[in-house]
Amino acid sequence: MSTLNIAVAGSSGRMGRALLEAVERAPDMRLSAALERSGSPYLGKDAGELIGSPCGIGITDNVDTALDGSQVLVDFTRPDGTLVHVDRCREKNIKMVIGTTGFSPRQKEALWIASRDIAIVLAPNMSVGVNVTLKLLETAARVLNEDYDIEIIEAHHRHKVDAPSGTALLMGEVVAKALGKELSEVAVYSREGHTGEREAGSIGFATVRGGDIVGDHTVMFAGTGERIEISHKASSRATFAEGALRAARFLADKRNGMFDMQDVLGLRQ
């Protein structure tokens, strides 16, 4: 069994630590680098100490040297930082698994351009369960059509900085596409005051932030006399970390291109 050398960006964060633990558990992977932002109090420390198991890999903010010897960089950071990492990976021909959310259209375009040269899995949610849920939503939207009003409710921990979540937006995109629409044309992101009646065919979003909620998503199809709710609730970041490593394995034999978890899981039709 060949070993895949994995670099982790944002290694001291909540997802970073979950990734370190997942790499340590994986028999076919080895931690090759642990990255942190400049000024982080964790710089210079053994990355393994973050999860109670020293590994001999020091945490660094030097992207160039850290990526030497790595095959895949797993990045759950923030858009600006991810774009810096993309440029370095492109220079060094290193594949990327990107779980960062909150990209602007221009930033997404930069990722697509980079994928001409390197292989990238870009997914706002790496959970296997969420990606199965997306297939269920696609089927439900196609069958129920516009006879049902669609609302998407998501909840996350108090530290999340973007809203709606990338997963909620992806769910909206899947549903809108199944209805033959663009999400940008039908999305309603806030309601306040005298809003008037609900506009037919719109897709509403509601956001909750609080506590340590890992991630809850519910898509409601509300019809006359009945309501269908399709939900996914994450109780541990380990599910996202395991999905990210599955994505890294998928990229092992890919030279370039943009992929998502539907590709990784073989759900693409």
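Using the three backbone atoms N, Cα and C, a Cβ is placed for every residue, glycine included.
Per Swiss-Prot, these features apply:
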type	residues	note
ACT_SITE	His156	active site, proton donor/acceptor
ACT_SITE	Lys160	active site, proton donor
BINDING	Gly10, Ser11, Ser12, Gly13, Arg14, Met15, Glu36, Gly99, Thr100, Thr101, Ala123, Pro124, Asn125, Met126	NAD(+) binding site
BINDING	Arg37	NADP(+) binding site
BINDING	His157, Gly166, Thr167	(S)-2,3,4,5-tetrahydrodipicolinate binding site
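Within the set Gly10, Ser11, Ser12, Gly13, Arg14, Met15, Glu36, Gly99, Thr100, Thr101, Ala123, Pro124, Asn125, Met126 that the record links to NAD(+), no two Cα atoms are more than 22 Å apart, and one pair reaches that distance. Only Asn125, from the binding-site residues Glu36, Arg37, Asn125, place their Cα within 10 Å of the Cα belonging to Gly166 ((S)-2,3,4,5-tetrahydrodipicolinate binding site). Minimal Cβ crowding within 10 Å, among the binding-site residues Gly166, Thr167, is found at Gly166.
Each of the binding-site residues Ser12, Thr100, Asn125 was assessed for Cβ neighbours inside 10 Å, and the highest tally belongs to Asn125. Look at the Cβ of each of the recorded positions Arg37, His156 and count the other Cβ atoms within 10 Å; the largest number goes with His156. Proximity to Gly10 (NAD(+) binding site), defined by a C-alpha to C-alpha distance within 10 angstroms, is shown by the following recorded positions from Arg37, His156, Lys160: Arg37. Within 8 Å of the centroid defined by the CB atoms of His157, Gly166, Thr167, the record's (S)-2,3,4,5-tetrahydrodipicolinate site, lie the Cβ atoms of Thr101, Pro124, Asn125, Glu154, His156, Lys160, Asp162, Ser165, Ala168, Gly215, excluding the listed residues themselves. Thr167 ((S)-2,3,4,5-tetrahydrodipicolinate binding site) has Ala123, Asn125 nearby among the recorded positions Thr100, Ala123, Asn125, Lys160, counting only those with a Cα within 10 angstroms of its own Cα.
Annotation: Lys160 carries the greatest number of neighbouring Cβ atoms among the recorded positions His157, Lys160 [cut-off 10 Å, Cβ to Cβ]. In the three-state DSSP scheme, Thr167 ((S)-2,3,4,5-tetrahydrodipicolinate binding site) falls into the helix class. Annotation note: Ser12 (NAD(+) binding site) sits in a coil segment as assigned by DSSP.
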